[in-house]
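Chemist: Take a look at what TrEMBL says about it:
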COMPBIAS  320-336  compositional bias 'Basic and acidic residues'
DOMAIN    48-178  domain 'CUB'
DOMAIN    562-632  domain 'G-protein coupled receptors family 2 profile 1'
DOMAIN    761-928  domain 'GAIN-B'
DOMAIN    936-1093  domain 'G-protein coupled receptors family 2 profile 2'
REGION    303-351  region 'Disordered'
SIGNAL    1-38  signal peptide
TRANSMEM  938-959  transmembrane segment
TRANSMEM  971-990  transmembrane segment
TRANSMEM  1002-1020  transmembrane segment
TRANSMEM  1041-1060  transmembrane segment
TRANSMEM  1080-1101  transmembrane segment
């Protein structure tokens, strides 16, 4: 049971403002010493450990605290900010058995049990030096949370001495916990005594371990208002910050103090004598002593035998009422040789025999100025007479001898600066001795005092403790291992970790163990005896051992199992070997999937499945490139994963923006495989996770690169790869989630009322951040936006998000909170989704609306207005993306939660009560329903057919009568007809090849060429007419220029357009012609307009020319007029 201090005693020990009676001081110290240490707990995990808590004073002996090794004693500081620990170690009287560094003393802030690490550790080994016999006592001061003395096991090769074997090897430790402010008187008395002993024994090689104290331990003059009896001035030292107590003064104040001598011998051996004694005044010179200088008393009253004189009357001693110290200035006369003094009147009896002086006394001082005295008594035969003269004489003596002057110390010099700017240093002070004179004693005490100091804490590197003893062998027989560990002390204050291993292992061998037989692993199964129809295969294993009397291996050595029990396929159920797309596919049974390596520019495998048709015949499906990723995308994917790994560990990685730029540039060049699309999606997902970290905020350039990379995913040339990716891999929902997450991440970096819009070839992304207290609806698109592309500018799709949606509806909502609204308009996502089913078609663009944080429910519906892509459609239905609706026939698209509001025959408004991705699904008229495997419409076939047959008939007629009408104009007309016929054929082909990107691009390019060629042949015919009128048609060089103008100029324009646009814009989703976006259509409209202008100019010039008029149909015949425009029928 732990004793408890009474409140009064505890107040004296901790707070000096509580008065402490002197009678309770001893009781306090006895009670403190009688406390028992607490149970082992705290930072030590050893079984032999002691932890002292809530103690302010105590002591222990090494034999009781360290009975074995290892052992530890730990003292916990209640509050390092308010208390300081002081330790006094009384070293053993004999250090012959002392083992250096076996006892370690250090302080630390805390201890981590999991890693066995002391935090903020500082060693005191150089202060204690238990084995140093030059100083019997060591003092130290500690200011951290814990102070520990730890006795470790002796090193290898040293003898272990039992602590109780010799009392000379035992040491004693006392500890004192002192408050930094208002220390108690008892603590200061003990601490000052420790400090005095510590400084008295300090040397330059062994400084004092007490650096500073909260007590004023020296004896400065007390303040004027304080005296010895005041509460703040006790026993020669002054306590700071205390309330003085009022003490009553002494009842009597004496002016001086007497110092009496012993009684002298009696003046007579018999008949009555007198004994005298004297005293000197010990008061300061300015004060007086009251009373007599000498006094006498009777002695030897027995009668004499007649020989001695009978005293008739005793003379009273002279007294002095007020006599100064040292006998100067009093009423006593100083006489030498019996004269010079004033004598009192005396009556001398006739029978008086005279006066006798005693011998001179010993000189009062052996040197300097001293005094001798002698006395006499009056002896008379009667009482009627008195002796004349003084009874006492004094004279100076030893005036010629010089007194020795002892050596005296000057005042101590101030403490010097600390020898070290950090860590433990030294401070010292000195004093000089005034030398002794005339044989005086020298100065006593040290001339120099040294103590430790600590200005700042130095970085302390981790230091390994001694290795522990080797553990037991891990095996009772045969080879084993044994380990030993060591602990790392520190590091502290920015020091480096301990270097090296904390655990060491070595082999050990006790004896051989019986080794039982052990099977080696089974070998691989050998090939099946049959490829189908049921076969067998076997595997074997080898037994290793037994040894040293062990058991044999249990079990069988061989194992057999059935294999290939499936039915053998018939020859028609096996896909034959085939060379497809420069890849050789081996024979594969139906139901299996063959795999070959991707081309050299990619990594992964190409997969192709062999399946059975309806008639049970095996055939190869189209190969899938889902597992093929181009090398460029693979490298970007690897870089992104490395940056993501750094971001997850809290590291800031450089080069994230460069990766986004590289992805944008690479994806703009298109993809080679469907696996490239999945790689781009994976890179963008990882980038979103990187940007989600606060230290990797996306910049405006990163945002543009991100949106452009998503747009590149939706390019028309990726449509077939998207179809393959949706069949065998993640569908388009990954894209929706990706854009939604990016809106959330980027919106967090935006300011309130900030809007951001990014327009690309395939989508428009707008992000709006509005506070909860906002009072305006969000409309898309906003007016005044610049940089909009033609397709986005001409789009009539509208989105309205009501301000009521952005209100939480809670009265205690934070006005500083904000909502981030993201709206995405996809240009051609409908062609990738492939929602066309028979007569049903996606009749609008796709719009996504997201709000972060997501509202629980919409108080006001979201309004989305779509413009129709197809005219003449019916049954307009609003659909939204809903992954939870598994009953929908459209997959994840559902018609729930939205209603369609028709506006006119060209647009429909969708009113939806949920946030999602929206579109319109409509039904086509039977005449407009064209699948990619069906023929063009009847109207188109009839129109193009009649035009082509008429022109073909005209060419046949010209050829049949060619020898009669042979001329340059006839050649021009035949070439013009050929260009028109070719255009009609390409129109019919192109209407059925919109899903084939390559064929559709070629059809659009050739249509561009033949349409321009038709215009150019018209210009050539006008040029020929002008030459015929002016008479310059005879030159054959000019005739060759007709062919260059009719076929060469269109070919040049088409080649330049394809080169500049890289064939982008040739072919769209709905038709194989030039795209209306991007300005490519001007490559046809511009040359056509120039041709029409040239024809008009030539006709005007030809009409104004006065030259001869030739018949252009019948050469050699003159006609009176010129037909400005060739009439094809007339020429026939």
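Every residue gets a Cβ built from N, Cα and C, even glycine.
Because TrEMBL annotations are produced automatically, they should be read as predictions rather than curated entries.
Remember, it's a predicted structure, so these values are computed and weren't measured experimentally.
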Chemist: Spell out yes or no: are there three or more C-beta pairs under 8 angstroms between the transmembrane segment (1041-1060) and the transmembrane segment (938-959), with each pair 6 or more apart in sequence?
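Modeler: Output no: the transmembrane segment (1041-1060) is apart from the transmembrane segment (938-959).
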Chemist: How many helix, strand and coil residues does the domain 'G-protein coupled receptors family 2 profile 1' (562-632) contain under DSSP?
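Modeler: Going by DSSP assignments, the domain 'G-protein coupled receptors family 2 profile 1' (562-632) contains 5 helix, 33 strand, 33 coil.
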Chemist: Across the domain 'G-protein coupled receptors family 2 profile 2' (936-1093), what is the average pLDDT of the model, as a whole number?
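Modeler: Summing pLDDT over the domain 'G-protein coupled receptors family 2 profile 2' (936-1093) and dividing by its length gives 80.
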Chemist: Let's see if you can do this one: DSSP helix, strand and coil counts over the domain 'CUB' (48-178), in that order.
Modeler: 14 helix, 56 strand, 61 coil
